[in-house]
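As recorded in TrEMBL:
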type: DOMAIN; residues: 1-180; note: domain 'Josephin'
type: ACT_SITE; residues: Cys14; note: active site, nucleophile
type: ACT_SITE; residues: Cys14; note: active site
type: ACT_SITE; residues: His119; note: active site, proton acceptor
type: ACT_SITE; residues: His119; note: active site
type: ACT_SITE; residues: Asn134; note: active site
Amino acid sequence: MESIFHEKQEGSLCAQHCLNNLLQGEYFSPVELSSIAHQLDEEERMRMAEGGVTSEDYRTFLQQPSGNMDDSGFFSIQVISNALKVWGLELILFNSPEYQRLRIDPINERSFICNYKEHWFTVRKLGKQWFNLNSLLTGPELISDTYLALFLAQLQQEGYSIFVVKGDLPDCEADQLLQMIRVQQMHRPKLIGEELAQLKEQRVQKTDLERVLEANDGSGMLDEDEEDLQRALALSRQEIDLEDEEADLRRAIQLSMQVPEIYVKILHRRQVHILLQKSYGREEKPTLKSSSSSKIHQDIHVESRTQVQEHLTVISVML
């Protein structure tokens, strides 16, 4: 794409851009095209003078502005056609009956010049590929062979006049290079107006952002401190919640451990009570009154107390 010559729009010089993009170089300037326009104006004046310089038509013609150029830089199709004759090139109307009878496939041509109202642009084949070289675009637009006929038909529906350029175009670097390689275009170029509008919007957004930053320059640190404080408070609340959850968990575990302890204590008291009843019940109801029976009673009493102590020891271990 870098090798393709592409003049972008300046003022209303689209005719100049159209010719230079077609010929792939800076071949024409506004001064040169103005000279051609003045020459055409003089030729028209001389033809009108043939009817008499005192005629009403001649005086009306002199009062009218030039039909071949204006102060904005617009040039007529006659100026473009005469400029191309210098290079041995001719323009034929694409939708004329004479050309349509030839039934030529557009992809077999070399270039087209398109006009709508006061805008001119070129569609040209470079190498083996077609390109839209409209000066209103930010760069050349690749057109596939299958899309070319549809593209031209769409231009005609929009009101464009299309001219086929006949003759041998001058050699150019882009044509020679693209004969050997084919290019691919990932992103189509935008209209210059769209790009300028996008750049302007970006500048406006940047200016607004800078204005906001300047306005918040004194309070920026306060905002940062406030954000740090909010984060610290949030973290502290999370820690408190975690501590509360841990405390509740510890109480639940402690309570679960206390429940069996209560049962063990109840069991302990009950077993002691039963043992004591058995022990003292035997002392209150002696069955023998002799010394031998007394000795047996003492032995039973000692044995009962020993069993009570052993039970107490076992229960203590369980606790």
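Placement of Cβ uses the backbone N, Cα and C atoms for every residue, glycine included.
Sequence features annotated in TrEMBL and their locations in the structure.
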residue	record	Cβ neighbours (10 Å)
Cys14	active site, nucleophile	23
His119	active site, proton acceptor	18
Asn134	active site	25
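Looking at Cys14 (active site, nucleophile) and Asn134 (active site), their Cα atoms lie 9 Å from each other. Across the fold, the C-alpha of Asn134 (active site) and the C-alpha of the residue listed as 'active site, proton acceptor' stand 10 Å from each other.
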